[in-house]
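The structure appears below as structure tokens.
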Amino acid sequence: MLNKKTKQIQDMAEEKGTQAGEIHDLKDMLDVKERKVNILQKKIENLQEQLRDKEKQMSSLKERVKSLQADTTNTDTALTTLEEALAEKERTIERLKEQRDRDEREKQEETDNYKKDMKDLKEKVSVLQADLTEKETTLLDLKEHASSLASAGLKKDSRLKTLEIALEQKKEECLKCESQLKKAYEATIEARANPEINDRFQQIEKEVAQYREESTKAQAEVDRLLEILKEMENEKNDKDKKIAELER
């Protein structure tokens with residue numbers, strides 16, 4: 001279960017890095033599109049300014065044509081020249097209008113693409129934020145689990161010390177009983193004839209056997225708890241490392 005959670009954390013961290021890179025790339029693309037739209041806008045403004053200038057020139061030429069038409073002293077050649085110049089100006093104005101229309105269409109297309117990209121980016125950011133929130137929740141759960149393991153380890157350690165103290169007490173009692181048994185055994189030959197002493201001897205033998213059994217059980221429990229404590233400590237260390245890696 002721990003390995004599976006660790007693998008999930010690593011996968012989430014890698015996916016988080018990948019998604020952050022994708023967001024950065026999308027933002028760069030949007031910046032490029034925005035600059036292109038601004039350039040087109042300036043170009044359109046310049047064309048509009050040129051168009052206004054040409055229209056002013058055209059109005060001026062029209063006024064001159066009218067003036068020349070009213071003036072009978074001007075020749076037909078001058079009038080023809082002015083009319084040709086006026087026609088050329090009109091063609092130039094028409095070309096400028098067409099260029100302006102093309103630029104406006106291109107600007108509109110870029111603007112629409114920009115809005116679409118912005119919408120897609122916002123949706124992706126929303127998904128990434130939800131995913132990040134889920135990962136943060138998972139990290140908090142892991143921290144709580146690690147804290148729980150540490151607390152359980154302290155309890156096991158306290159229990160272990162209690163058992164070690166009890167084991168030492170049992171060992172001392174066992175040694176004491178063995179000493180009593182040795183003394184009683186030495187007096188066995190003399191005491192066999194005495195029923196009371198013989199009963200006491202048998203009672204001591206039972207107590208020694210009982211203490212030995214309890215001592216063996218206590219030692220086994222201590223060994224078992226030591227092994228559990230070691231496993232919990234290893235698990236806690238692994239989780240601490242994973243949490244530290246995620247927090248970097």
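All positions are counted from 1 along the displayed chain.
Every residue gets a Cβ built from N, Cα and C, even glycine.
Secondary structure of the compositional bias 'Basic and acidic residues' (51-66) per DSSP (helix as H, G, I; strand as E, B; remaining residues coil): 16 helix, 0 strand, 0 coil. The compositional bias 'Basic and acidic residues' annotation in TrEMBL covers 51-66.
The region 'Disordered' annotation in TrEMBL covers 1-20 (among others).
Marked as region 'Disordered' by TrEMBL: 51-73 (among others).
Here TrEMBL flags 90-117 (among others) as region 'Disordered'. Sequence-remote contacts of a segment are chain residues at least 6 beyond its ends whose Cβ falls under 8 Å from one of its Cβ atoms, and for the region 'Disordered' (90-117) they are 26, 29-30, 33-34, 36-37, 40-41, 43-44, 47-48, 50-51, 54-55, 58.
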